[in-house]
Amino acid sequence: MDYFPIFCQLQHKACLLVGGGEIAERKARLLLDAGALVTVNACEFTPQFHHWADQGQLSLISGEFVPELLADKWLVIAATDQLSVNALVYQSANQQRIFCNVVDDPKRTSFIMPSIIDRSPIMIAVSSGGKAPVLARLLREKLEALLPQHLGQLAQLAGNLRQRVKQHFAAMTERRRFWEKLLTHDRLAQSLANNDHVQADQHVEQLFSAPLTDRGEVVLVGAGPGDAGLLTLKGLQQIQQADVVVYDRLVSDEVMNLVRRDAERIFVGKQSGHHCVPQEQINQILLQQAQSGKRVVRLKGGDPFIFGRGGEELEELAGYGIPFSVVPGITAASGCSAYSGIPLTHRDHAQSVRLVTGHAKKEGQLDWANLAAEKQTLVFYMGLSQAGEIQQQLIQHGMPATTQVALVENGTSRHQRVVSGELSQLALLSQQVSSPSLIIVGSVVSLREKLNWFSSRHHDDQPKVTECVAHVG
């Protein structure tokens, strides 16, 4: 972060603008809009400056800049076309510890003025830190088109209601739900857009009189395989509205960083072979949180209905009449294979794909003869500890020992590792990776040499992506 983003309260504060041309005019408008007491210093001024001065909106000081003009000033802007003058303004301001902006000169600037989207009291600032001002302008234009003009009226209404809401609703959860209803109320927004404040007030009163349900709910959300960019839009909306987020080990830190900041977070991580929190206890946590009236998100890696025990958790909630819904996620098989350049199906290689759990606790549960059939791709979840058994059973039931395999560790993340080889090497390969890892078996693995797009990109933000290939000696 090259610049610390901050909004300054400049009402009735003395500011100095050095320069009297058209560029200085634009800066003066911003300072006047902010309520600053503006003094402008220049040898010549545009007619607009004289008009402002005649109206008593600012003061003009004609002549060369001298450091004494900085006395009692909160900040200064240099907007002349003379480099020596701008440099003197900056040096003088810096010596007196006054923030100074020199237009189009990042090296002589202690604060920058971003592109602004003004929906007062909502203010949005966009800055590239002086690196790409045109890009900042384009972003501002996109945001201008997205944000309705009545947004400021809605914010002003919310500000006027804050004390009343605080008195009306004792619990913080109730207040937040009221605000969410008010700020997403379509008819209220339309009334404000039409400047129909009578109708808007009626909608507000209806919201105050309507009972806020204290019945909680649970939303089962798939977080995807790791890359936060693979989280669905609906999943993002849910984690940003949650009162409580119950999450496990497979949810990446990048996804957790998107959770609403004041939401309670409950970690129930579990690993193959042992559970940090027993499944029965997880069920009880979800039940108790929902029964207390909270909006609960059960956040699971990948897709919650594919080896995620999501169905078991919802069965428990259904038995108690707790409302629930499901937001599917990109499952690990899809994400890891795509980021490894391995298509799960291909006309020349596989006409079907099977998703298989690799840590079934009872022998004989898997139909190894069918799994060893040709023209299909196998994806084993949680299979590292059983890699030797998988290798032995597939070869024993007729799958060629030379069948291609790949193990994907931390798939789709910047720490992704892919180890590949032949089925006869699977047990050995499994010792080179750690959990979470996915095992892909099938001739489609051979395509990764052509389609391996992710690790072949040498981005600075992906330094950990590595590839390993084992060869039969």
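Glycine too: its Cβ is placed from the backbone N, Cα and C atoms.
Taken from Swiss-Prot, the feature region 'Precorrin-2 dehydrogenase /sirohydrochlorin ferrochelatase' covers 1-204.
What Swiss-Prot lists as NAD(+) binding site is Glu22, Ile23, Cys43, Glu44, and the listing cites sequence analysis. All protein chains shown were included, and the count of other CB atoms within 10 Å of the CB of Glu44 (NAD(+) binding site) stands at 9.
Cβ neighbour count for Ser128 (phosphoserine) (all protein chains, 10 Å cutoff from its Cβ): 16. Reduced to three states, the DSSP call for Ser128 (phosphoserine) is coil. The phosphoserine annotation in Swiss-Prot covers Ser128.
Per Swiss-Prot, region 'Uroporphyrinogen-III C-methyltransferase' is recorded for 216-473, and the stated evidence type is sequence analysis.
Cβ-based neighbour count (10 Å, all protein chains) for Ile306 (S-adenosyl-L-methionine binding site) stands at 18. Annotated S-adenosyl-L-methionine binding site per Swiss-Prot: Pro225, Gly301, Gly302, Asp303, Ile306, Thr331, Ala332, Met382, Gly411, in sequence order.
Under the heading active site, proton acceptor, Swiss-Prot lists Asp248. Secondary structure at Asp248 (active site, proton acceptor), taken from DSSP and collapsed to helix, strand or coil, is coil. All chains included, 21 other C-beta atoms sit within 10 angstroms of the C-beta of Asp248 (active site, proton acceptor).
Feature annotation from Swiss-Prot assigns active site, proton donor to Lys270; the stated evidence is sequence analysis.
Its own atom aside, the Cβ of Gly411 (S-adenosyl-L-methionine binding site) has 27 Cβ atoms within 10 angstroms in the protein chains shown.
Pro225 (S-adenosyl-L-methionine binding site) counts 30 other C-beta atoms within 10 Å of its own C-beta, drawing on all protein chains shown.
Checked against Ile306 (S-adenosyl-L-methionine binding site), the recorded positions Glu22, Ile23, Cys43, Glu44, Asp248 differ in C-alpha distance, with Asp248 being the nearest. Cα-Cα distance from Glu44 (NAD(+) binding site) to Ala332 (S-adenosyl-L-methionine binding site): 67 Å (rounded to the nearest whole number). Annotation note: Cys43 (NAD(+) binding site) sits in a coil segment as assigned by DSSP.
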